[in-house]
Structures are given as structure tokens and as C-alpha cells.
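What TrEMBL records for 6-23, 35-53, 59-80, 87-105, 117-141, 161-180, 192-211, 218-238 is transmembrane segment. What TrEMBL lists as domain 'Cytochrome c assembly protein' is 63-242.
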Amino acid sequence: MTRILTIAGWGVLLASMVAVGLGRLRGREWRVGRWGAGLSLFLFVLAWCYESARTGLPAFLSLFHLLLFLSVGLIAAWLLLRPSEPVLLFLAWALASLALSPLAPPPSSARPILVSAWLVLHVGTTAVGEVLLLAGAVLALRRSSSAATTSTMEGLLRAGYGLFTLGALVFGAVWAFFAWGRFWGWDPKETWSLIVWLWYTAYLHLPASLSRRTPFRLMPVVGAFLLLFTLVGVPFLFKGLHSY
């Protein structure tokens, strides 16, 4: 059932992107693109909820779950920011495509160490922060931005940074202490999460006169690549406690 719902959402999202692209070429918004995105969001949410019911825990247990959750968040962000950021739809579709690949199979069951209240606090909070950071990075891609767009971008990045800090570093450290008896162990994903955090810390502490200029304005885009590498690349390239 999970795979059927995810494939259906993936196909509808692809059709929605085509409709949005054709609408932009013709200089107008096609409602079918918006409705398609909404339907794909609904299907992905159903798949995520089904996985939560199947495993008996909130679906943050595997790469598949995380990619599906990020896709949901990015589609929701596009619906709120529409129709200005079609890149959000493409990114959501790309992550959903990866979720359907052999690299990210749904888990058969939850590992005992994941049966904890810290699962949502650590992984869930981090994932919401990642959605906001990715959405902010997409807004940063604009060559010319209004004051409102810049304000929205900065708000997304600040909120995402705060949630990422709380989820990845604070809640992650506390859970690590209860699970392994130490707050920090320089596990590969811990290390790369720290790199991501330091990168965004540097950007958000720049004076506004610098952060809004090229090339500093593109720092959130680089941060998004670091974030995605930490999520997808690090667990496969380096052996550690967070390997999938």
C-alpha cells in the first residue's frame, strides 16, 4: 500500500510540474497544476500515515520516511508560496523519486533503539527545520528579489536554523546520552550535521549589508547541498550509528 500511494503521488506530482511549467510559458497559472500538487500532497501524507500505523511509531524510522516527509513539506511550501517557486515542486519530486529507489526501502520494522519519545523530538524537529532551510534556499536562488521575498527567505532560514539546532544538536545530544551514555561521539552524521549548522550560523550572523549581496546570498543554496549530502550521502559513504 505504501508503495502504491507513493508512486501515485509521484506521478501526479510529475503531471503537476508539467502543468505549472506550461502555465509559466504561457504567462498564466494553470489551476490543474495547483490541484495536482494538492492531490500529490494528500497521497504522500496518506503514505506517511500508513507507514506510521504499520510500524506503530511516527514514520521517521528510515531514509524512505524522511524523504517522504521532506517531499510533503516542500509541496506544502510551494502551495503557500505559489506560483513563484516551481523549483520547490521539482525538489519535492526529486526527493520522492529517491524515496522510490532501491536506496530507500521502507523498513520492515522499527529497530529497538528507535522506540523512544526522542524519535519525534530529534528526527521530527530536525526534519521540519530541514524543510524550512530548503525552502529558504530556493528563495535565495532568485536573481532579483523584492523586500517581501527577502524577508520571507530570511524568516524561513531563521526558523529552520532554530529547529535544526534544537532537533539535530540539542535533542540529538540528549537522546545520545540516554542511548549510548555520551552527548557527542563524532559519528559521521553528527559531524556533518555540525558542519551544516556552522555554515548556517556563519550566514545568519553576517551583517544584512553582506548577506543580501552575491555571493553571500548564495550561501543558503550551498547549505542546502550540504544538508542533502548529510541526509542522503553521509550514511551510505561512511559507516556509523546513523547508517541506513
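Numbers run from 1 along the shown chain.
Each residue, glycine too, has its Cβ placed from N, Cα and C.
Annotations in TrEMBL come from automatic prediction, not curation.
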By a Cβ-Cβ criterion of under 8 Å, what residues six or more beyond either terminus of the transmembrane segment (59-80) are in contact with it?
6, 9, 13, 34, 37-38, 40-41, 44-45, 47-49, 51-52, 86, 88-89, 91-93, 95-96, 98-99, 103-107, 110-111, 114, 119-120, 123-124, 127-128, 130-131, 134-135, 231-232, 235, 244
Can you work out which residues elsewhere in the same chain, 6+ from the ends of the transmembrane segment (192-211), have a Cβ less than 8 Å from its Cβ atoms?
133, 157-158, 160-161, 164-165, 168-169, 172, 217, 219-220, 222-223, 226-227, 229-230, 234
The transmembrane segment (87-105): which same-chain residues, six or more beyond its ends, come within Cβ distance under 8 Å?
3, 6-7, 9-10, 13-14, 16-17, 20, 37, 44, 62-64, 67-68, 70-72, 74-75, 77-78, 81, 134-135, 138, 141, 232, 236, 244
